[in-house]
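Visitor: Before anything else, here's the structure in question.
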Ligand SMILES: Nc1ncnc2c1ncn2[C@@H]1O[C@H](COP(=O)(O)OP(=O)(O)OP(=O)(O)O)[C@@H](O)[C@H]1O
Ligand SMILES: [Mg+2]
């Protein structure tokens, strides 16, 4: 752009007419130059736009290149968070490592969380959302807060569970000496609210074993298509936490009899059960992991689950007898302000057919009656009224279930 207006020589010493002519031609030249200028500006804009496009492309390629060069992340489990760093255990090779973590991430992670680590084993992010999914069906506790003293009227059952679960964990050499394999699984069965879940928890408490609880119904209903994987995970978690007690509550949900109908839901339950059976069959060193299962629908169980080497020890947990009910009343009123006129033997006699859970409900209701009456002491009448209420409530739910049946 060399020819600008400045380059044009200004005319002087001319007459009026030629002056006029010159101005005319200058104006024309100016117009041409302006048009040229406009054109150039347009070209410049076009070039700029083009440049922008290439710039974007370059950025995209750089980003892709970086991603391709970046190494994959590995999954590890947090073992311990110490002042020196975080101890992680890598999945796959099971090696432990001490690693660094940013303060921000440190707040986010807890032991047993799954995390992603890079090549140099620094924690990149926490994978707790995945763990949450598993945690919803799988509850891992070091020691549940139920002890044998909290359970009434199940002495025989308690003895049997201890023999089959506690003994192999605590004295595996006894079984070696005698030369038998301890039963791998114990199945507790009986009506609702009789203390099956409690019993399993008490065993875990007694043995200092990690207690891993999985509810069969949740496994089937919430994780359609994932049942078999969750069972695999369950045993994997148990192996990582040995000694461990695996407790599968409501096992009927995953180990129901094969039915005629061939809906996809059934196939899914079947796959879940097959996985469970194969995990149980695959038990080599049996001392370190014990399995307890519970059901209140024994009639529904597939017999395959009861074969030797699987749940071969069946323990019936019935409703408590009168003596049992009396003990359960005593257990649940331990912390309560009970009047002198309260006679648990008499209450136990009256509350026929009550399960352990019913007895507990009676105690709580009795307390509510006292509170409603603005008393702090609970009387015999409160317990009697409470039993009436609990009975009426359970009749009601029975009616409701009949309506829906
Ligand atoms: N034998 C018992 N001794 C003391 N309390 C009991 C007993 N049985 C039941 N209970 C009370 O009832 C509650 C429910 O018991 P638990 O969950 O163990 O029943 P369950 O047999 O597992 O029932 P479900 O078959 O419905 O799962 C317990 O938390 C406890 O308070
Ligand atoms: Mg239960």
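Note that Cβ sites are derived from N, Cα and C of the backbone, with glycine treated the same way.
Note: TrEMBL annotation is automatic and uncurated.
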Visitor: From the ranges 1-22, 23-44, pick the one that TrEMBL records as region 'Disordered'.
Guide: 1-22
Visitor: For the domain 'AAA+ ATPase' (182-321), jot down how many residues DSSP puts in helix, in strand and in coil.
Guide: 64 helix, 30 strand, 46 coil
Visitor: Just to be sure I understand the packing, how many Cβ atoms besides its own are within 10 Å of the Cβ of residue 196 (ATP binding site)?
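Guide: For residue 196 (ATP binding site), the 10 Å Cβ neighbour count is 29.
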Visitor: Select the most exposed residue of 193, 195, where exposure means the fewest other Cβ atoms within 10 Å, treating these as the binding-site residues.
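Guide: Sparsest of the binding-site residues 193, 195 by Cβ contacts within 10 Å: 193.
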Visitor: Same-chain residues six or more away whose CB lies under 8 A from the CB of residue 197 (ATP binding site)?
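Guide: Spatial neighbours, sequence-distant, of residue 197 (ATP binding site): 247, 249, 294.
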